[in-house]
Amino acid sequence: MSVLQVLTFPDDRLRTVAKPVEEVTPEIQKIVDDMIETMYDEEGIGLAATQVDIHKRIVVIDISETRDEPMVLINPEILEKRGEDGIEEGCLSVPGARALVPRAAEVTVKALDRDGKEYTFEADDLLAICVQHELDHLMGKLFVDYLSPLKRKRIQDKLAKIKRFNEKQQNA
């Protein structure tokens, strides 16, 4: 398994709409395994393939406290949304930024697992929010898109400043 590089906002590749997985092959399973390792390495609770510059409809999630219950969602689809919720969200592709985003409180989701078997599940609370957040990535959408232009610009400026600082440190 390999740790993949996570793209950061405002990288245009994060805006790419992911294509469906035609067939779950050993290559797709390796992508899934690498994504799980990357999610754990980055200390995230979810990761969409788009975030690692792979434009396929693949998501991995693990909201367990023990960090050993990864969920694999290939070609995920939200079948139903119910209620309203929202928490302050963060994102591996927008490091250091958090914002309250309105989401459905409960969702019904259909996806394929790592072996290509279709399954359906109900999600609420953090899992429902995480699923919606990650599926947004597959559509080329980020949580900052829900914010006002001013807040989005502030986040972009902050990330640019951090990037310049890191580059200066590397060149020193």
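Quick reminder: no glycine exception, Cβ is built from N, Cα and C everywhere.
Under the heading active site, Swiss-Prot lists Glu134, citing sequence analysis as support. The Fe cation binding site annotation in Swiss-Prot covers Cys91, His133, His137.
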CB contacts for the residue listed as 'active site' [other CB atoms within 10 A, all chains]: 24
Same-chain residues at least 6 apart in sequence whose Cβ lies under 8 Å from His137 (Fe cation binding site): Leu14, Ala18, Ala48, Thr50, Gln51, Val59, Ser93
Beyond the site residues Cys91, His133, His137: chain residues whose C-beta lies within 8 Å of the centroid, for Fe cation: Gly46, Ala48, Gln51, Glu89, Leu92, Ser93, Glu134, Asp136, Leu142, Phe143
Cβ contacts of Cys91 (Fe cation binding site) (under 8 Å, same chain, 6 or more positions away): Phe9, Ala97, His133, Leu142, Phe143
